[in-house]
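Q: For reference, the structure I am asking about is given below.
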């Protein structure tokens, strides 16, 4: 690779999303990068990971780690990003951040390339040197809503989520697996609290789970993120506020209910979307078919619709169950499934990084 | 018991809902019935079942089985009800039917006692001698919506369901248990189709499941009931049409998305309900607290909200996550869980039967 090729850093290379990010980089036909540098906490520094056939040594997160880096992707908790993305930017990198730390910052664009790639067209668009990647739940429906909005003018959204355990990180995945093993084969789920009792008997008390002190096996949990007052959880407010910012509709009306379900990976959303203009299923199908990052699976009569266990691991968003609301004008109901670790996190972050690289070239 | 006490028949006594019905009858402090007669198909006739301390022999479903019966509850498939409820009525019984056969018949009232008990006040209200029990998904939210509608005037509903396997009968329960055993402990759910492959390897091909040929373990399935055209499944249209009829709002606007989740029993619904008049969380809480068939569990900050594995087996509907929609006037979002075999089926049917008995007394 030439000296002029941009350089890429991945901060959080050994985490759940970081691991998927490396899969994505390894799976690309070609990449625009000269050096790729893996960065993680001191605990993981020194670890060897093979990227595109080359064994790389993970380096420790410190200011000098960003020297010579053009684009730094962050897949780390909010507080780590809050501290270190500005450090990377100060050293001359463009930070592409997958945490919640900067998403609602007016000087930080929130980008889904299919919807608002123009926001990374010019460094003036990101004066802090930081570009944010949306929350995974919001992201799952953005490609579909962006396509519909351009054509029909979105005015309101009522959304219910069916969110996977991995949205709560590797802890969430491990917990769901442990719970399933503890309840399988026991004929539980017909009496109040018997799932909870089985978990406690198996040495899996629920008090400290990532799921609000509630069993997730044989259950659904209407709680995601942290409590923000007036009955709302953070995840629900993110769906509202991030959708408004990404789509550029400050007055978009949004109500979201976020519910965790016993699925490992891939978020699903039931979307009720109202537009300024009349919208037909046929027109929506055409838009979805024209969008490379959407797979339309919509033949419900023959059992063809998206479901998370069938979609997980894929890059595109799967859309189906598209139908005209019977009683609400200019309104479509549809169901969407997207891998929350790929398009919902690593893939979209990487796509932003590639867009920035293209501008640098 | 006196000779004047009304007599009760239970048709489908050996099925999934019939079994719960017998639990309910056995659990009542007192019952108004003289004779209780258990009726089932020829295959189950002769079986002995203990009801309130007395061992009863199941009799075969035939016209004479209804002789001397005042109220006949039907917990059988649509086609059995369609044939036999009129036979019971012709023999002088009031048929209380839990199937879908008569729900939308203009001469058959569709009753949730908390909402429209007046519809069973007089035999003129049920000229065919038949009263229908609503679909379990619709029923789960009726007590809450009825209370709110009386006070604030309901105008529209956007509903997403999280429906339990037992909504598809004992086959649904058995299938979910078998699937869970086949996938537990295998670390599946991170690649498209690996759950399906594991089920097929375990001798559980999905083609003929009650869940639209789709795995339910580690998955959610946006398909419930039969396909009715224009993108809609029967369960979604039932939510719309039955809600309108029960609440007496012919122009109620409804969009429903019905999704099966890997829960054994108890349906959950995310409800977005808009009213004619302003509605506050405080006012809604007061109405719910005043309704004996509702349990309000709504302290999300402290992890208090309804979830199906924690409310299954209970008679009341559990309501929580009540919040004012941020962008929609006169609108509440809330989450409700109701045992689909109890209030959603057997309990409501039995409550109607008791109301009829009270009128006969």
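For all residues, glycine too, the Cβ spot is worked out from N, Cα and C.
Unlike curated entries, TrEMBL annotations are predicted automatically.
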Q: Which single residue out of A:330, A:340 does TrEMBL record at the NADP(+) site shared with A:14, A:15, A:16, A:17, A:43, A:44, A:166, A:167?
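A: Matched candidate out of A:330, A:340, per TrEMBL for NADP(+) with A:14, A:15, A:16, A:17, A:43, A:44, A:166, A:167: A:340.
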Q: Round to a whole number and give the Cα-to-Cα distance in Å for the pair residue A:340 (NADP(+) binding site) and residue A:136 (active site, acyl-thioester intermediate).
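A: Approximately 5 Å lies between the Cα of residue A:340 (NADP(+) binding site) and that of residue A:136 (active site, acyl-thioester intermediate).
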Q: Give the distance between the Cα atoms of residue A:260 (substrate binding site) and residue A:14 (NADP(+) binding site), rounded to the nearest whole Å.
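A: Rounded to a whole number, the Cα-Cα distance is 25 Å.
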Q: Measuring Cα to Cα, tell me the gap between residue A:166 (NADP(+) binding site) and residue A:267 (active site, proton acceptor) in whole angstrom.
A: 9
Q: Same chain only, sequence gap of 6 or more: which residues have a CB within under 8 Å of the CB of residue A:267 (active site, proton acceptor)?
A: A:136, A:137, A:140, A:161, A:162, A:163, A:164, A:167, A:308, A:337, A:338, A:340, A:344
Q: Could you state the whole-number distance in Å separating the C-alpha atoms of residue A:16 (NADP(+) binding site) and residue A:103 (phosphate binding site)?
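A: Cα to Cα, residue A:16 (NADP(+) binding site) and residue A:103 (phosphate binding site) are separated by 20 Å.
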